[in-house]
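The structure appears right after this line, and notes come after that.
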Amino acid sequence: MVLWFRDRDGEPIYRYDVRDKSPADAKTWSLENRLFFQAVFDPAHLSIQNLELRDEGVYRCRVDFKNSPTRNIRVNLTIVVPPDQPVIYDTNGIVTMKHVGPYNEGSDLILTCEVSGGRPMPKLTWWLGNTMIDGNYHDRQDGILTNRIVFPRLGRSHLNSEFVCQASNTNQALPPSTKVVVNLNLKPLKTTITTTDSFLLAEKRYDMECITVGSRPPAVITWWKNTEQITQLLTVPPSDDKNVTRSILHLIPTVEDDGKYLMCRGDNPWIPGSVEEDRLRLNVYYPPRVYLKLGDNLVPDDIKEGDDVYFECFVTSNPAHTRMNWFHEGREVRHNTSQRTVTSHNRLILQKVTRHTAGNYSCSATNSQGSSQSNILSLRVKFVPTCKSNTEGLIGAMKKETVQVICEMAADPPKVEFYWTFNNSGVEVIHVMRARFSYKGTQSVLNYTPITEMDYGTLACWGVNDVGKGMDGPCIFQIVSAGRPFPPRNCTIFNHTEDSLNIACVEGFDGGLPQHFVLEVIDFTAKKIKLNASSKMPSFSVEGMEPHVVFRFIVYAVNAKGRSEPFSLDGITFRGVAKLTSETNGDEMELKPLYAVIAGCFVVLIVFLIVAIIAVWKRSRRRKPPVAKAYKRDSENSNNFQTGDTALTKIDQNSVEDIGNPDVVPNKSDRSGGIRGFIRIHKTPPARRRKKDLEVKNNGETVALTLADTPDGELHRNHHNHHRPSILTSANHVVSSAARESRI
């Protein structure tokens, strides 16, 4: 059995009895018809319909079991009473319904919101869109809450904005609220005369249009000529855009109107001081007449750097000029305060002039009838001597080497007296004697010779003229110990492709002077320079090189004193772009049919050449003469020779350059004796194929024959005595192919 109790009442307000019954046949009892027990829900609960304030309290649920102890559960029920609908009042105490206003743009919005009722007490707040703008409310003694808002300076963006007053005391339901929409009177934003004519002809009719935008309600447009209002010849065309107001004036100008102002005014009469106007000057007649003069209080020949100078440009024109331009040396000068150049009406003001400001000035004025140039005024600005060069000079000199230091100054007047100083410690300054340097005009020359290490340092050149001494502009020269630069080192090749590569080196000592680097690429076979390039850094990129050619790469540094020793990279080649392409299928590669035919023809040609070479070799073997030895002549009988194993000996290899032809040297001086036949010289083994020397003794004296692998396959002879007759002779008058075959 389930019993529900409220607060401390001893009697239940609801009974649910299922003793000896099924839940469907439960017996129920309720104190009021608004109470229902939902036993089929999990958890089961008591429902109260149409809650009233008296329903608030602590509810106790008691459950009695047949075989278990009784259980009690308590629930506290709090009743929230929503407040009444808020009411909004304006400054006059009138209840507003949906709209308030119209208010003038820039005025303050004052509204009061009131609400009654509600338990617990509600919060009364003002909202603009999704933003709360005021949360300060007060409780009157009569139980009514009030919130008065003062919203300052209504702007154009607040037109048709919704201000909402909201009373809230719970999150269980939407709070009651009341909103009002603000209506505004807006000022005109802009008034424009749309006529683009730059001049008007007298006694001719013109339609002058004026447009005013942004006014609410639409603006009232009036036309004025100077201070006189024009009330005739007006047309107001209709406009679909309520934000735009148009007016057209049918004007017939007269000569007297020249120089007067035609004005269009747009005004919202509901807002005091809301006038927006546009004006147009009525221009007529001739081109401008322009005259330029220097300021009245300025002396043309007494203007120095740092002075302020101004020009005045006087213009007389009809119609009036529409544009004035200023020119310096033919280039236009514009208003630029950062460069201390100010243009104001008919004046050009140059503040704190410098030597660069000097030159020819002019002005021009332009109207619809043309443009006129003024006279030219030359502005002279005197200044103290300053160095012409903006950078310090770096001069390298070896000990006891005389260098010429030239100091060039810029000065006005150009008559300059020079001074030189030397500093090698940063503290002590030494003045150079007048006899050590010369000067003329704006140039001075000093011949300087460092003797010791203390003579290296900083030379400074100063100038003085009638204006003063150039304290801020001396010429500075750094005298440094100089020599040839050290060679670059650790040159590395990278990005080596079929026809290009990159080289990077580590630069060495620059010799005390600025240096640059040179790369030379030499064709090792042709002995000629393929490429010559220079760079500020020791890194180069080489492209477009020929394949299968051996190159030498040389890198060296250069400064004013000369070039360094080179760093060489030898034996560099390039593979070139592959001529044969193939398609790979797994691990096998198939050549295209055309390449297969070419490869076959190449193999057949090689076989044919090998067979031909073997045939020629065998044929030449059958035609070789018998081998002859060298003999030693008997001292008593010049016609007798004896053999000796020491006939062939090695001689000085330096004689290779003087070897003559042919392989077999005939005996031209002694025809009566000697060996008849040929002398055969055998080749050395291939691993020792080098230059050999032959030495033959003749009556105790030695005649040297040098044997070498010469390009034409012939044996060369080196004579130590060109007038001595040779001891070797030949029976044949023509050197045979067998003799050519005997070279080493």
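The backbone N, Cα and C atoms fix where each Cβ goes, and this holds for glycine too.
Among the features that TrEMBL reports, domain 'Ig-like' is placed at 1-78, 86-181, 188-283, 288-378, 385-461. If you look up TrEMBL, you'll see 487-580 marked as domain 'Fibronectin type-III'. Marked as transmembrane segment by TrEMBL: 594-617. Annotation source TrEMBL lists region 'Disordered' at 625-645, 657-676.
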## Note on the structure
Here the mean pLDDT of the domain 'Fibronectin type-III' (487-580) is 88
### Query
To the domain 'Ig-like' (288-378), which of 1-78, 86-181, 385-461, 487-580 is linked by the most Cβ pairs under 8 Å?
385-461
### Query
Quick one: DSSP breakdown of the domain 'Ig-like' (86-181) into helix, strand and coil?
3 helix, 49 strand, 44 coil
